[in-house]
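Quick look at what TrEMBL lists:
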type     : residues                       : note
BINDING  : GLY194, GLY196, LYS197, THR198 : ATP binding site
COMPBIAS : 111-130                        : compositional bias 'Low complexity'
REGION   : 1-102                          : region 'Domain I, interacts with DnaA modulators'
REGION   : 101-130                        : region 'Disordered'
REGION   : 149-365                        : region 'Domain III, AAA+ region'
REGION   : 366-485                        : region 'Domain IV, binds dsDNA'
Amino acid sequence: MTGGLEGYDAVAEANAQKSVLAIHWSRICERLKAEVGEVEYRTWLRQITVGPVEEDEITLYLPTRFLRDWVRGQYGDRLGALWHAEVPAIRRVELQVARPAAQSAPGAQDATPAPESATPPVEPAAPAAAPVVVESPRQAEVRSDLAAPLEPRFTFDTFIVGKPNEFAYACARRVAERPSSPGFNPLFLYGGVGLGKTHLMHAIGAELLRGGKVSVAYMSAEKFMYRFIGAIRSQSTLEFKDQLRSVDVLMIDDLQFLIGKDNTQDEFFHTFNALVDAGRQIVVSADKSPSDLSGLEDRLRTRLGCGMVADIHATTFELRISILEAKAAASGVVVPAKVLEFLAHKITSNVRELEGALNRLIAHANLFGRPVTLEATQDVLHDILKAHDRRVTIEEIQRKVAEHWNTRLTDMFSARRGRAVARPRQVAMYLAKQLTSRSYPEIGRKFGNRDHTTVMYGVTKVEQLMAQDPAFAEDVELLRRMLET
Ligand SMILES: Nc1ncnc2c1ncn2[C@@H]1O[C@H](COP(=O)(O)OP(=O)(O)OP(=O)(O)O)[C@@H](O)[C@H]1O
């Protein structure tokens, strides 16, 4: 009997404490709403439920680890101060993850949720292994409810292939023809800005859809994050996960955006594993190789590097010319070869800018009905050309390259031919061709009066080595970036 009464007292006391806390909490909520605004309050704070008070500490619960971390970072101190102002005995606020009790309405203030302590929200079980190609044919679809639409211009037919991108192109083709082939899942495409990563991803998507039977979802990593946050806010994370895990091919662009976004990385990691385990294809792009994406969790970097990693190098003059020729031909406007050469020499940064310059020229020609000439080009594009005036000198290039390979600067001009000095010299010639507007004979003169054919040989040799040896290619790329900034 006594025990029963004690139990009753304890329950009554706990209930009384809950009601008192609920009154304080509703006042605090009003203050918070006034301080942060209705929208922010509803997004982040409404889902807080009040837990017990022990000594000078009150526990508040949030439904997910993501929300808990966010609220702790953004509002932790403020919550502490408001509770202390309301109940002076409370000096500390502890934020914990807990799912609300099944019956309680979201945000119900007297709900006593089931704490999950430090464990993250439970992930849905990975789907059972499924065949690579869906057995019962269904309509090919791009999951536009879930992802971004594909750009119709970005196909394999409109992608111009040259040395810097031929490997990435071949890998992309292979994935489009046989998704989830061993060794090609995930396909990780990386390279500098505006070099065609997105174009290749869309081309894969378009090709797969043409073949039917698959569902494809493409989205930027940024969109992935916002979709994920949106799902948390609307308490529909399970639907979000299910949607993502139901596609045959998932493509995530610009993965570097997830650096520092730990919760989204976690989510992506689980999605990634569930899809790959189920035999679905993943394609990812980023500005660096998996090993260089410091800031991504190690386990994610390791998995990203497990399939095929393909680099898109900076464009060569030849590739720039081919791209310009193809785009000019498609426009129907006659652009003289010397104008194309001029542009390919001047605008070396990336294909997006090159394309932008050509489009401006073409629009100008169409609007005013005047032929495209070199003079008109200089006039119409004067701002772009000014911004692209190369400031790098051959002397700077020689110095940086010599430092990088630890050779003497004088070996750039000397007659010595050993590989240890010849290779850096060839790299410097290659970079001089890439980063300055000097001709082969001019470059030759700067390298101890060498003949222009020696320079041409050096440039070709470096291009060949870059195609064969990724480590060497990365070295050269690094030098190039250092010189350009
Ligand atoms: N080899 C190519 N052939 C034809 N067009 C190309 C090629 N490479 C890039 N482009 C064009 O250049 C533009 C920029 O390419 P894209 O958006 O694919 O670059 P990205 O590498 O994804 O850049 P970012 O890192 O900024 O996302 C697009 O219009 C694309 O069609």
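Just so it is clear, glycine is given a Cβ too, placed from its N, Cα and C backbone atoms.
Any TrEMBL annotation is an automated prediction that lacks curation.
Excluding the listed site residues GLY194, GLY196, LYS197, THR198, the same chain places GLY191, VAL193, LEU195, HIS199, LEU200, SER285, ILE312, VAL351, ARG352 with Cβ atoms within 8 Å of the centre of the ATP site Cβ atoms.
Among the binding-site residues GLY194, GLY196, LYS197, the residue whose Cβ has the fewest other Cβ atoms within 10 Å is GLY194. Across the region 'Domain IV, binds dsDNA' (366-485), the DSSP tally of helix, strand and coil residues reads 87 helix, 0 strand, 33 coil. THR198 (ATP binding site) has a Cβ environment of 19 other Cβ atoms inside 10 Å. DSSP assigns THR198 (ATP binding site) to a helix in the three-state reduction.
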